2 protein chains.
Amino acid sequence: MISNRESKFIKSLQLKKFRQLENQFVVEGAKNVLELLKSGLEVIKVFATTDFMAKHKELLSNHHELISETKEADLKKAGSFSANNAALALVKIPDETKIDTSQSILAFDRIKDPGNLGTVIRIADWYGFKQIVCSSESVDCYNPKVISATMGSFARVRVHYTDLAELLDQSEHVYGTTLQGDNIHKLKFQEPAVVVFGNESEGLSEDLKPYLTQEVFIPGYGSAESLNVAVSTAVFCDNFRRLLKA
Amino acid sequence: MISNRESKFIKSLQLKKFRQLENQFVVEGAKNVLELLKSGLEVIKVFATTDFMAKHKELLSNHHELISETKEADLKKAGSFSANNAALALVKIPDETKIDTSQSILAFDRIKDPGNLGTVIRIADWYGFKQIVCSSESVDCYNPKVISATMGSFARVRVHYTDLAELLDQSEHVYGTTLQGDNIHKLKFQEPAVVVFGNESEGLSEDLKPYLTQEVFIPGYGSAESLNVAVSTAVFCDNFRRLLKA
């Protein structure tokens, strides 16, 4: 079960302030909790229904001292999504690690929408990027809506926050989508690269543009003025993997 | 201004039942209202702030008898998004037209999330598809969340609802993404085509699969199990336009 005290604590972690204070975040829903249990992240507590526990006995066996059997209604009440009817976990926020610039990186300049950040984490995971770097003003990656939208990929992709200008300045291959860029279908890409995407409504900051070694344009064939940031990320990654120089 | 009666009427149109009864839908926000005014859709009424009216005098001049000057606070109260601080319009739902099978079509099997449908309408518009066809169980395209997510593209892309099996049965080139498909990077596509995408959690219905003339796979390079439907649509469209047989 979830005590009133626990329920209050879980609710408090919807706010970044309390996540930072407690150094914990919440993972909700069957898919996300299963991916969590398979990952190396440090699980503090798991609340799960009898049904979920029966179905995933083996995976849960490594964590049995952390599990609390919980009614579906209590899970829904404590969590932030009414669709969460199977499991919820408290997880330690992993320690800061250094950004590994020997691998390609997706970078986001002031990404604000939690659904967008969650979706790009899932896209990064599909296309084999293990690191995302966000500018400091971006939405927090431990926001429950971000975790939810990752569909489990939060467990495999590390998100860093830093000054992007500094990162781009150190990188040899810096790609970014702009309206003046070259047609992505006709380029070749090199690794390790940093690929940088702009803010949802304002695009890429002017002060980051000088760092781009190649401006890239995703060709349109109709009348829409733009693509959303997650869609641009996916189309970029698909072409990047296809067009990597051997 | 917006009278109480009008405000109540606008709110009622958040529900499909009332949209169908009144044959009207609501368009909110500066970008969407501007695209509406440029389109051939039949505008019934526009509520706009003094500021919006001053900024877009020329465009509004064709509709001046339909415009009601409105306070920002009243707009926010009547609309479904607190971010709507510029304009809101009532629009006639266009008459049913026949699906034009001489042009390529994006088709969606039981698409449920309004944000996803709005995003794929925007993607269709970017990639030059003028028609979307949804299975009858799909979310309504005049839902305010759908309109909002289209970023104006609702004004250029027509959405039809029909039995997909019938449509696919009549089409010579039917493409669909499946996990068993051929690598999309290595195919050639032909027009006019119907490209069909499955439900968010269940994928493509088994009874639609026999109609596919080419199963297509979007190659992954990491560990995520799937891409979301809007992301798959975008990656598909980008490859489709690139790989069309001359």
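Any Cβ shown, glycine's included, is placed from N, Cα and C.
Here the domain 'MRM3-like substrate binding' (A:5-77) has, by DSSP, the following mix of helix, strand and coil residues: 46 helix, 14 strand, 13 coil. As annotated by TrEMBL, domain 'MRM3-like substrate binding' applies to A:5-77.
Restricting the average to the domain 'tRNA/rRNA methyltransferase SpoU type' (A:105-237) gives a pLDDT of 96. Summarising the annotation, TrEMBL assigns domain 'tRNA/rRNA methyltransferase SpoU type' to A:105-237.
Taking DSSP states H, G and I as helix and E and B as strand, the domain 'tRNA/rRNA methyltransferase SpoU type' (A:105-237) has 43 helix, 37 strand, 53 coil.
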